[in-house]
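Worksheet: the structure to be examined is printed underneath.
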Amino acid sequence: KVEEVLTDGRRIITFRNGTKKEISADKRMTTISFFNGDVKKIMPDQRVMYYYADAQTTHTAYPDGLEVLQFPNNQIEKHYPDGTQEIVFPDHTVKCLYSDGFKETFFPDGTVVKVEKNGDKIVVFSNGQKEVHTAQFKRREYPDGTVKTVYCNGRQETKYSTGRVRIKDEEGNIILDKK
């Protein structure tokens, strides 16, 4: 290795494989430029920033445990110390994955999808409609109070806001229509 001390106090160490390590004059910042193009920076506030040249991705680790990844397509992932992850996609969709298995996705159009650990899903649309998906049924709730439910056996039940109830069997035949 070769070590240089510059007039401004910086130290540059060059290793045989081409890797360079630069230490600031006040020793508070270190930059390591690897032979493969990767760059690691240790900042004065103890952040560690690592740039992966091949993937064009930056990984920043904060002293409090937060880790942030920035991808070339502008996707950003935040990994929190408690296991929570937040992913912001290029189209501004935001997905939150919680350590207990719960997931939430916020779409740019205002739609929100929540998925429980057991797989149950709730979709709230920007127009006020809501869908609930479970292993037993799929149900859509409309802003006027109408509720349509389709059960896993194919039976359909519609409860209208007027009080009317219509039930169809698995073949689609009306078996009850109470007005």
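Just so it is clear, glycine is given a Cβ too, placed from its N, Cα and C backbone atoms.
What TrEMBL says about this protein:
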DOMAIN    1-23  domain 'Centromere protein J C-terminal'
DOMAIN    63-91  domain 'Centromere protein J C-terminal'
DOMAIN    100-133  domain 'Centromere protein J C-terminal'
DOMAIN    138-167  domain 'Centromere protein J C-terminal'
Distant-in-sequence neighbours of the domain 'Centromere protein J C-terminal' (1-23), which means Cβ under 8 A and at least six residues beyond its ends: 29-35
Segment confidence, the domain 'Centromere protein J C-terminal' (138-167), expressed as mean pLDDT: 95
Per-state residue totals over the domain 'Centromere protein J C-terminal' (63-91) - DSSP helix, strand, coil: 0 helix, 12 strand, 17 coil
